Amino acid sequence: ATAGPRSFSAAEVRARCAQGACLVSCHRRLYDLSGFVRLHPGGEQLLRRRAGTDVSAALDGPPHRHSANARRWLEQYYIGEIEPGDEQVPPRGRTRAGSLSEAVDEKEVVAAAQTPEQTDLCYKTVDVEKDLVDWQKPLLWQVGYLGEKYDEWVHQPVDRPIRLFHSDFLEFLSKTAWYVVFIVWTPVVLYLSWFSYTSLAQGNTRLFSSFTTEYSIPIHKYYFPFIFLLGMILWSLLEYLIHRFVFHMKPPASNYYLITLHFLLHGQHHKSPFDSSRLVFPPVPAALVIGFFYGVLRLLLPKVLGLSVFVGGLCGYVIYDMMHYYLHYGSPKKGTYLYGLKAYHVKHHFEHQKSGFGISTRFWDYPFRTLIPEETFKKED
């Protein structure tokens, strides 16, 4: 027979929180959010302030009503039940209403420290027996068989790493630490920027020179910063278009290969949005895509001019990848641009998968009318 959920006394919860754990309750259900506090879009301090409290009212808002996916995500951190009668313990000292964080007895802390094994999480991030895929095997070759169930399944995020390939070598190539992108591409950006500027300084680059000599326009070296900036702006548009129309295409339910391709490109990220090894683009496939876009610019523009636009776009890509990682793993200060952008991006993952396609900027969501609407609701009595 399966053992029932473990019961926790209010004293034990107080002691765990005093030791630095972030335990919250929803009615009598208790959750350990210690491993999630840095990832919370509202900021780490917000969750820390709620440690030891009942968050059932906060889940309904205002200012934010948590989505069904967010509530499902919370269940991954379930560790047991509050003992009957302890969920409404009147607080002593400076605590919030409904809090379990009474004044902590030193003996309680000592007792908690002596039984660390009792704080081990007893949840499973995925119910292996009920899930549609076998998490003990690589997922890439399984998802294509989900058919019409794929779209709903892939947009129900879980907090666990994903294995894609049977081959350890291919699996290694599919993972990338965030700093690898910076290390690989920053020297390329610096070198190509210097090369473009010095080439423009020679005064041999003219626009429309392939069509006419009389009316061609000279491109001076002083134009380089503006051309570079143009490349970054073009990248931000390209980022939006790729994210919306490629990464968020809805593959036909009957097409095994398109479902598999979608999961490889982006579906894996939506299924496991906090898998730190899959938040930036691996350099090898990135080089192929980057080379393609350089070839396009080389065909459309004079060599040095095309290279100047390209290096601006490449810089925009590096900033985008670094920012994307930070939006998932950073803890920006409340009220800053990145704080709002982090909350915006997390909403895209958990609730608004058909909007909010801008990552490094929300600008293109405005003209394309895919902006995630602000929540304006009155909390029900």
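Each Cβ is built from the backbone N, Cα and C atoms, and glycine gets one as well.
Among the features that TrEMBL reports, domain 'Cytochrome b5 heme-binding' is placed at 5-83. According to TrEMBL, the feature heme binding site maps to HIS40, HIS66. Taken from TrEMBL, the feature transmembrane segment covers 177-197, 222-242, 279-301, 307-327. Among the features that TrEMBL reports, Zn(2+) 1 binding site is placed at HIS243, HIS248, HIS266, HIS269, HIS270, HIS324, HIS328, HIS348. Per TrEMBL, Zn(2+) 2 binding site is recorded for HIS345, HIS349.
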**Complete:** With the fewest other Cβ atoms within 10 Å, the residue among the binding-site residues HIS66, HIS243, HIS270, HIS345, HIS348 is HIS66
**Fill in**
Integer Å value for the Cα distance linking HIS324 (Zn(2+) 1 binding site) with HIS345 (Zn(2+) 2 binding site) is 9
**Prompt:** In the same chain, who gets a Cβ under 8 Å from the transmembrane segment (279-301) while lying at least 6 residues past its ends?
**Reply:** 173-178, 180-181, 184-185, 207, 238, 269, 307, 309-310, 313-314, 317, 321-322, 324-325, 328-329
**Asked** Hey, which bits of the same chain come close to the transmembrane segment (307-327), Cβ under 8 Å, at least six residues off its ends?
**Response** 178, 181-182, 185-186, 188-189, 192-193, 195-196, 199-200, 224, 227-236, 238-239, 276, 279-281, 286, 290, 293-294, 297-298, 301, 338, 341-342, 345-346, 359-360
**Request:** Quick one: give me the count of other CB atoms within 10 A of the CB of HIS324 (Zn(2+) 1 binding site).
**Result:** 20
**Asked** Which ones in the same chain are close to HIS349 (Zn(2+) 2 binding site), with CB under 8 Å and 6+ residues apart in sequence?
**Response** ASN69, PRO157, HIS270, PRO273
**Asked** Which residue counts does DSSP yield for the domain 'Cytochrome b5 heme-binding' (5-83) in the helix, strand and coil classes, in that order?
**Response** 33 helix, 17 strand, 29 coil
**Item:** Listed binding-site residues among HIS66, HIS248, HIS269, HIS328 whose Cα sits within 10 Å of HIS345 (Zn(2+) 2 binding site)
**Value:** HIS328
**Other CB atoms within 10 A, centred on HIS266 (Zn(2+) 1 binding site)** = 17
